[in-house]
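First the structure, in the form of structure tokens, and then the observations on it.
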Amino acid sequence: MMNISGPREGDFITIKSYKHDGSLHRTWRDTMVLKTSENALIGCNDHTLVTESDGRRWITREPALVYFHKHYWFNIVTMIRENGVSYYCNLASPAVLDKEALKYIDYDLDVKVFPNGEKRLLDVDEYEDHGNKWHYSADIDKILKHNVRVLVDWINNGKGPFSKEYVEIWYNRYLELSRQQ
């Protein structure tokens, strides 16, 4: 995911999601990079500007850690709220990072995890509609369904971003770097 001239800890990047047809779906400004490795990127944003494909703009309400991995067809947004931590997991292509932004294709399906641990698979109808409209291949469908199972396994077993330590470690690192800015 990274190259030598890529962003470093404390740098800010833009995140762009696209749809399968190549159209821009959504843009997040100003996500602080907390960690990069050959395979993954962890970042955080708080009250960042989001621009929708139709031009609407809004500001996020709470701090959110973001996790992208080059081998998995999902990304994970950890929302840190007063009533607890919740997760919004996008089924999406592995992200690529270039000089402009971190980019991925959003494949509509989402898994939401509530602070009480309840899980919900969202936007199944949207996935089916877009799959028909844009002709998602059988391979894409198989990959995404497999990655839903991987993601649920991570959730059930507290792996990676779903571990208790993840939020504490990475949100504290974000606060520390923010104080240095």
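Glycine is no exception: its Cβ is also placed from the backbone N, Cα and C atoms.
Since we're looking at a predicted model, the values are computed, not measured.
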Ask   = In Swiss-Prot, the residues Asp106, Asp110 are said to bind Mg(2+) 1. Which of Asn90, Asn116 is said to bind at that same site?
value = Asn90
Query = Near Asp123 (Mg(2+) 2 binding site), which residues of its chain come within a Cβ-Cβ distance under 8 Å, counting only those 6 or more away in sequence?
reply = Asp108, Leu109, Asp110
Inquiry  = Other than Asp108, Asp110, Asp123, Glu126 themselves, what residues in this chain have Cβ atoms within 8 Å of the centroid of the Mg(2+) 2 site's Cβ atoms?
reply    = Leu91, Tyr107, Leu109, Leu122, Val124, Asp125, Tyr127
